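Novice: There's a structure below that I have some questions on.
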C-alpha cells in the first residue's frame, strides 16, 4: 500500500437504522482484509436518544485480550458525541498494521444491566477501509421495558469488493511450470489427482499426425467449473460421416446430460451439469481416425468459515488451534511465522480433521512456540497469535467496584506479587492522566487510583494493566445520583396537559437517579396505585408512565409525581384538563308552520365540553324515513332558523347538533312531528238551489286549491238580515257539496256563507251577496224531453227499456203515464217518480210493448205532457210462394212473394243462395236483394241446382228460408264431356291472427270495443277471456265476428273492467290466442264532488 493509501479513511456520518431493522440485520463473524503497513479504522455508533448516560465500550482481540492496555503507537482509541443526532461514536484505529494484527476481534457495548457485542476477523492483505459498527437501544414497542440490541453490527463504510480470480487455464499453467511447482499449483487450484493430471498432460504433449478425416480436431484439453456446461466440437471432412464419442474408452450413450448435435460438418458433444465423474479423457472416432482431448472439472475454492482465535497459555500447557472450512476433508496448509509446518514434525505438532473442522495441536508448549500461526486454503487465510508465558503474576488483591455520592472520594486499590511490576490505569479503555483531582500512586506491591470530589462524569469502568503481563484488573465506579424529573417546563408554572374525552392520555415522564428512585403519583391528595380502574401507572428504569384509558370529565385535576431515593427527593405538578364535544341540545321546537316553511328554535347545550360552542347544525327527515338531511353547511350562530323548501303534506322531524373546536355533539332528540300545510281556498259556485217555507237548499263546488292537508269538510253558516251574528246552519262539518238548511222561520231574510276546513284551519268564506227570503216559490211544470226520445225509440225483442224524463215544477207535480190512451199495467211495466224526473222501465221487451206512450205533469190547474213512440222489432219470417219460373242455357229464373210476418219492421231485402244437388253446399248468389224475382246465371251444364231465399229486416235474416221443391237441371249441348277426376285439395289451416289486439286506455261510462282479425279453415270457434275468466255468459259483453274480424264490445266500462283481455281461436287444426291490456280511468270534474 502506498503512503497515501495508508492514511486512515474518514468515517462518513451514518444515521442510525430503525431499531426494528437493527435487530434483524445482526450478522455473525465478518472477514476483513488489509495490506501490511496499511491503516484501518473500526467505528462503532450507539444511538443515545433513550440513554441518560454515556455507554461503556471495550475492544478485545481474541477471547480475552483487552485492547485498552495496548494503546500506543500502533493502536489508538477515540470517542465523540453528536448532540444533533444524539449518536455516540467510538473508533479503534490500527496504524501501520503488520501480520501480528491479524486475527479475531470483538467489540462490547454496555450500559447498566444491558449488554451486546460484535465479532469480526482481520487478515492483513487488503485495502485500507473504515468499518462502522452501529449500536442502538430499543425503548419503543415493548411494554415490559427496553431491551438493548445492536443494529447492523458490522457495516463496512466504503467497503471495497475483493476482485474475483479471473478464470485461468490450469492445463496451460502446468504445461509451462517446472516440476518443482506442481504441488504448489495443485494446492492453489484445488487439484486432488495431481498424478493423473500429469500423466494426461504427458500424453497431450505428444505431436499428433495430420488427419484426413478431421478438418478441425478437439483441443488438447478443456477446463470447466463443477456444475457448469461444456461443448466439445470437431469438424469432419465428410459432412455425412458418422462419429462416435468415447469417455475413457467407453462409448457414450445419448441421455439428458449428454447431447449429440450434427450441424453441417460440425459434430458437437454437450455435457450438462459437469461433475467430478466427468473429469476424464474423451475421444471422437471417425472411421479409423480418432481425436483425443482431456477434460478437467475444477472444484470451487475452499473457504474458511470460522477463523482461528488468539490464545495465551503458560509453559507446558496444551495448545489447540481450531478452524472450520467450507468442505469436509479439505486439504489445508499450516504455517508458523510464515514457515510451513510439515507432517515430519509429528513429535512437536499434530494435525487433525473432523468433518469441516481442522485442528493444530501442540501437546506441551514452550517459550519458543510463541508466534503467529496461519492456516491456508486455496480460498482463504486465517491468522492467530499464541503467547506462552514463562511465569505467572499473582494478584493478592484486585480492585473492587465502588459506589460514591457527589463530592465524596473514590479510591481504587490492588496488590500484586511483584513489587517491581509497573502498570497503567485506564478509564473506559483510555489511559488516566493524573491532575489536581486524580492521583496515581505505587508503593511496593500496592497500586492506587484516588479521585477527589467525585462528579457524574467520573462514573466509568476503570482497569489496571500490569506491564509485561496479559492481565486486566477491572472495576466499576457507580455514582449515586439524586432523583430528577426531566420535564420541559419544570420550575415554571404547572404544566397543563389537554386531552380529548374518550382518548388515551399517556404521560412519559423521564426520570433519573441512582439508585433507581421510587415514584409516587397523587391527585389532589389522593394516592394513585399502579392499577386503579382506567388510571394506570407503569414503572420503568429511566422513566415512568401515567396512563388514563378513555379520559372523562372527572379525570380533570392536578397530578403530582414524587421521586425518592436515599440521596434525595424531587417532585413536579402536572395539570390535566379533559375537553369534549358539547352535550346534545334539547329537542327543538317548531312554530309558524306554513305551506312549505316553518321556524325552528332551540336552547344551548347544558355543557359546552370545556370549549365555546362555535355554532349549530340542523337536520330534518321525513317521519317514516331513516335518512336525515343536513339543512346548513355553515354553522348557525343564532338559536332560531327558518327552514324552507319543504313538501306540503309530508310529516317532518327536526334535530340539532352543537359544535365546538373538538367536534360535533350527539344529535338532540327529534322535535315533535309536524306537517307543512296551508288552508284551502274558498268554495266556488255557491248558489241557492231551492227555497221552501221552512228550508233552503244550497249547493257549491269544491275549492280550486285544496292542498296536501286534504279537506275535512264544509262549515255552513247563516246570518239574519240586520244582524252580525253568524249561526251554524248544520251540526258540525259536511263532506257533501250541497246542504239542506231546515227549521227556518217563514219570511226571514237570511245571508248564507260557507267555508272549507282542513288541518291548517278555515278557508276564506264564500257568501251569497243578496239575502234569501224563506218562502215557497211556485214553479210551472215542464218536461225536458231528451233528444233521442223525440224520435221513435226502436228496440229488439228481449232488450231492456229504461226511459228517464227530467222535469221541473213546484210544488211536486202529479205524474200520469198512458199507452194508446189506456193506463199502463204495473205488472208488465215499471214506473218510478222523483221530484226531478220520471222513469219508465221494461225488463224484457215484447212486440206488444210497441205503441204511443203519453206522460202528463199536473200542478193545480197547470199541466204539461209529452208523447213517446216505442217500436219493438223481431226477425222476419221466410218468403212465400217461391217458384222456379224458367231454366235456359246456364240460367234459371226465380219468383217469390214477401213474408207473411215482417217482424214489425220494414223488409230491407232478400238473400238468394244456390246449392249443387251433388254436394248440397250453399253459396250466396245475391245479398240485400230488394226485388221479389231474380235470374241466377253462370250455372254449370249437366248439374242440378236447388235455390233458397232468406228475408231480412233491421234484426237480421229470417230464422228459416224458402227452398225450391224441385231442382233446376242445366241441359248439356254438343259432345258429352267427362271431366277428369282431381284429388280434392285440403284447404284446412290452423287459426292465425292477422291483426293483433291493441292496448287501450278508455274513459269510464263510454262503450268501448276491442278488435282483431283471424283466419283459419274450417272457421275457428272464438272465445273471449278477461284475466283468464271466460266472458261468454256475461251480459255486459257482446261479441261479434264478421268476415274474420272479431270484436268485443264492453258496455259502459268501469275501473273494475280494466285488465288483461285474451281472444282465443280454436278449430280442429289447432288454436291461437292474443291478448292486450285495457285501462279504464275515471274523469272527476273540477270543483264537483259526488
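Residue 1 is the first one shown; counting continues down the chain.
Yeah, the Cβs are placed from backbone N, Cα and C, and that goes for glycine too.
Here TrEMBL flags 10-19 as compositional bias 'Pro residues'. Annotated domain 'Ig-like' per TrEMBL: 13-123, 209-286, 300-394, 781-869, 991-1075, in sequence order. Residues annotated as domain 'Fibronectin type-III' in TrEMBL: 584-680, 682-777, 878-973. As annotated by TrEMBL, region 'Disordered' applies to 1-31.
I'd like to know what surrounds each of these features in this structure.
Specialist: Per DSSP, the secondary structure of the domain 'Ig-like' (209-286) breaks down as 3 helix, 40 strand, 35 coil.
Mean model confidence of the domain 'Ig-like' (300-394) amounts to 84 (pLDDT, 0 to 100 scale).
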Novice: In the domain 'Ig-like' (991-1075), how many residues does DSSP call helix, how many strand, and how many coil?
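Specialist: Here the numbers are 3 helix, 54 strand, 28 coil.
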Novice: Count up the helix, strand and coil residues in the domain 'Ig-like' (781-869) according to DSSP, in that order.
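Specialist: Across the domain 'Ig-like' (781-869), the residues distribute as 7 helix, 52 strand, 30 coil.
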